[in-house]
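In TrEMBL this protein carries:
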BINDING   Lys86  ATP binding site
COMPBIAS  299-312  compositional bias 'Polar residues'
DOMAIN    1-270  domain 'Protein kinase'
REGION    299-318  region 'Disordered'
TRANSMEM  6-23  transmembrane segment
Amino acid sequence: MTIISLIAAAVMLVTLIGAAYIIRRKKYEEIREDWEMEYGPHRFSYKNLYKATKGFKDEQLLGAGGFGKVYRGVISSSNLQIAVKKVSHDSKQGMKEFVAEIISLGRLRHRNLVVLHRDIKASNVLLDAEFNGRLGDFGLARLCDHGTDPQTTHVVGTVGYLAPELTRTGKATTCTDVFAFGAFMLEMACGRRPIELQGQPENVILVDWVFECWRKGAILDASDPRLEGNYVVEEMILVLELGLLCSHANPAARPSMRQVMQVLDGDANLPDVPYDTSSLGTFSNYNASDFLVSLPSSFGQRSAPSMSSTDSILKGGR
């Protein structure tokens, strides 16, 4: 009887220990989200990410935004280079925005999908070791299938890169991304932001100033003076004029991104720039001084940024 009691007690003890182990394991087990079932990203422990980024040191910092900071890292076991986004405590990025960013990155190379970036600008373009451009910050990106209406009705982006029709209709399209890319090209070539609050009123809006230089037959006057003329003249003219075309007030008159790349690669000729000044400009037929008064106090801040890094249409250093 005593032996039976001991065996029963032992079985009971083992059962209790096993149950406690299972409960504890489930308590600390990572919850796999529904979206992970489809996209299956790799998981890393915080310890591994801490080591990969050298303790999230500033020297590893790639960029920062409203959602947090992004660090360069290397996984020691595989020598894999990674970018790690450390979300800040006061970040406004929710699970919906995070999942949208993951989906955008996971499907970016899919031939049947178009990505609306919605926040193309200089600060979102990174350079790799070979100085090839990489477009980052896909926190605002949206996916759209070919043949469907590629629009979203939530106005986001950065002042100066927003196409005129976007501020009116609130609908982002591939044409609005082309407009932002045009503003980016002019910014790089001129060494100026799309909108300068300092200086003469006629020079506030970059695209208008570049167009005026072109109209006078002196478009090179718009080039960045810090370059001191150390550039290929033909290439500078091409970038400036192509930037003007991408900044056309009529979305239908802007080149597609495919056409932009063909021109930059030398596979297509640059179309003529329209001579009508009212057809160009971020705020065509809009008084610059009135625009300055209407600027919000938060001008220059991003609407809802996050950061990630991936290949882009800029691949090839163009």
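The backbone N, Cα and C atoms fix where each Cβ goes, and this holds for glycine too.
For Lys86 (ATP binding site), the Cβ neighbour count at a 10 Å cut-off comes to 17, with all displayed protein chains included. Averaged across the domain 'Protein kinase' (1-270), pLDDT for the predicted model comes to 77. In three-state terms derived from DSSP, Lys86 (ATP binding site) belongs to an extended strand segment.
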